[in-house]
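Okay, so here's the structure we're looking at.
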Amino acid sequence: MAELTIKPEEIRAALDSFVNSYEPSASAREEVGRVTLAADGIAEVEGLPGAMANELLQFEDGTLGLALNLDVRHIGVVVLGEFTGIEEGQEVRRTGEVLSVPVGDGYLGRVVDPLGNPIDGLGDVETEGRRALELQAPGVMARKSVHEPLQTGIKAIDSMIPIGRGQRQLIIGDRQTGKTAIAIDTILNQKANWDSGDPSKQVRCVYVAIGQKGSTIASVRGALEDAGALEYTTIVAAPASDPAGFKYLAPYTGSAIGQHWMYQGKHVLIVFDDLSKQAEAYRAVSLLLRRPPGREAYPGDVFYLHSRLLERCAKLSDELGAGSMTGLPIIETKANDVSAYIPTNVISITDGQIFLQSDLFNANQRPAVDVGISVSRVGGDAQVKGMKKVSGTLKLELAQYRSLEAFAMFASDLDAASRAQLKRGAALTELLKQPQYSPFAVEDQVAMIWSGTNGYLDDVETADIHRFESELLDHLRRHTSVLDDIASSGLLTDETEEALRNGVESFRRTFAGSDGQIIGGGEPESDGEDVDVEQEQIVRQKRG
């Protein structure tokens with residue numbers, strides 16, 4: 001009988017050959033889990049030991065779910081869609097994919113849900129690929145400092161709280177104070193840039209509606225369409241009737257759509273309206289998943305919820321195409337309390353805030369921007385030079401007016417300098433009022449703020465200021481090239497300023513107030529001694 005010899009090399013080769021040629025059957029390859037609990041948009045699934053965090057799972061009826069909790073025996077799944085058809089005992093399968101959305105220029109002018117599906121009845125969207133919702137924000141070396149202006153068309157903001165491309169500027173205030181109006185006006189103001197056809201000027205806009213009424217979203221879409229702004233805007237809608245999971249995901253969907261354009265070297269403006277409702281939706285999801293609650297019952301990672309979203313807004317370096325994504329997150333406060341949990345979180349993440357006061361709104365000061373506590377931390381570097389030149393004195397005039405106004409309420413008589421200061425402050429305050437959906441070009445803003453801070457509105461009645469404004473701008477367009485010079489260069493040179501002074505003075509000689517009297521021309525009327533006293537007070541306040 002021949003002796004049996006065992007060669008390890010042959011055994012090893014046979015095993016390698018078997019392993020390399022092995023193809024598992026579909027049943028062996030596919031993991032199947034079962035629903036053990038389903039309620040309130042949340043499902044608990046047992047099985048699926050290989051499921052990943054944030055992986056998409058598919059239920060029997062085709063509904064998708066997002067794996068958020070990976071416990072030892074169960075997976076906590078947020079149902080993405082209608083959950084009434086999901087019952088205990090149903091099978092659940094892995095998809096092997098993380099949540100992503102389609103992206104591309106086909107989304108311009110469309111209204112989509114948080115999964116990227118069109119809901120406007122205009123057919124399918126032409127896409128250019130897909131982008132994962134959970135993406136790392138650009139690193140420090142991938143960024144560039146904010147240095148290009150993003151004009152909102154709102155005088156109070158562009159002059160005193162400027163925004164740059166790539167900045168995160170919070171809009172915060174009580175309900176019904178005009179937060180959405182500021183964001184929509186900013187989108188409308190990008191139309192001239194879009195119509196120019198210059199890619200370096202064009203700004204694509206994304207409006208993310210979170211927890212809003214369906215009628216409100218429809219009115220926003222109508223306003224954009226009427227103004228011709230819908231062609232460069234995408235609306236991601238997660239109305240109040242949507243499940244909490246959709247409201248939680250909507251901002252990330254809008255961000256993914258915008259990031260696609262940003263990494264192509266284009267400029268994007270994204271509005272999150274509003275992140276308070278996203279935080280509430282995330283709180284609801286977390287409590288249903290039995291995550292431990294923290295302050296105000298929010299989960300411990302609610303700060304990370306917003307920081308990882310807003311850090312995606314950036315100005316990219318030249319090596320990455322120099323694209324940008326500017327973020328305008330909106331936060332709703334209760335009783336003007338900016339020190340609450342979510343407002344302070346988002347204030348600490350963003351590059352500045354525009355605070356809207358309900359008292360100012362009710363006093364008909366609209367937009368109701370509280371200049372005192374509103375700030376832009378990085379926008380000053382991006383501000384148009386001509387605007388920066390005229391806005392410095394505007395801040396000083398308004399600050400002095402506010403302090404003097406409070407004092408004047410209790411004073412029986414005031415000196416001439418104080419009365420002149422109050423008059424100018426009232427004129428400037430009236431000048432900064434602006435109706436909704438009426439953004440101003442930057443050159444128009446520069447001309448009017450220059451006129452106000454140089455005293456050319458001091459003898460104009462408050463009721464006549466807006467008529468004076470529109471007629472003056474019309475006069476400057478027809479008879480001078482001042483506005484074109486400011487628009488093309490962004491500067492207010494000595495020559496341009498002299499031409500502007502001549503244009504304003506010639507117009508004042510023809511402007512009649514509501515009483516029918518010509519207000520006159522030349523230098524603004526004021527007593528020389530009073531001006532000296534006023535200047536001395538300004539110098540003293542600056543030194544103090």
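Backbone N, Cα and C define each Cβ position, glycine as well.
When secondary structure is read from DSSP and collapsed to three states, GLY173 (ATP binding site) falls in the strand class. If you take the C-beta of GLY173 (ATP binding site) and look for same-chain residues 6 or more apart in sequence within under 8 angstroms, you find LYS179, GLU332, THR333, ASN336, PHE355, LEU356, GLN357, SER358, ALA368. The ATP binding site annotation in Swiss-Prot covers GLY173, ASP174, ARG175, GLN176, THR177, GLY178, LYS179, THR180 and rests on sequence analysis.
Marked as compositional bias 'Acidic residues' by Swiss-Prot: 524-535.
What Swiss-Prot records for 513-544 is region 'Disordered'.
A C-beta separation below 8 Å, combined with a sequence spacing of at least six in one chain, links SER374 (site 'Required for activity') to MET160, ILE161, GLY352, GLN353, ILE354, PHE355. Positions annotated as site 'Required for activity' by Swiss-Prot: SER374.
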Just checking, which of GLN176, THR180 (binding-site residues) has the fewest C-beta atoms within 10 Å of its C-beta?
GLN176
Using a 10 Å radius around each Cβ and all protein chains in view, which of these binding-site residues has the most neighbours: ASP174, GLY178, LYS179?
LYS179
Within 8 Å of the centroid of the Cβ atoms of GLY173, ASP174, ARG175, GLN176, THR177, GLY178, LYS179, THR180, which other residues of that chain place their own Cβ, given that this set defines the recorded ATP site?
GLU332, LEU356, SER358, PHE361, ALA368
Counting only residues 6+ apart in the same chain, whose Cβ is under 8 Å from the Cβ of THR177 (ATP binding site)?
LEU356, GLN357, SER358, PHE361, ALA368
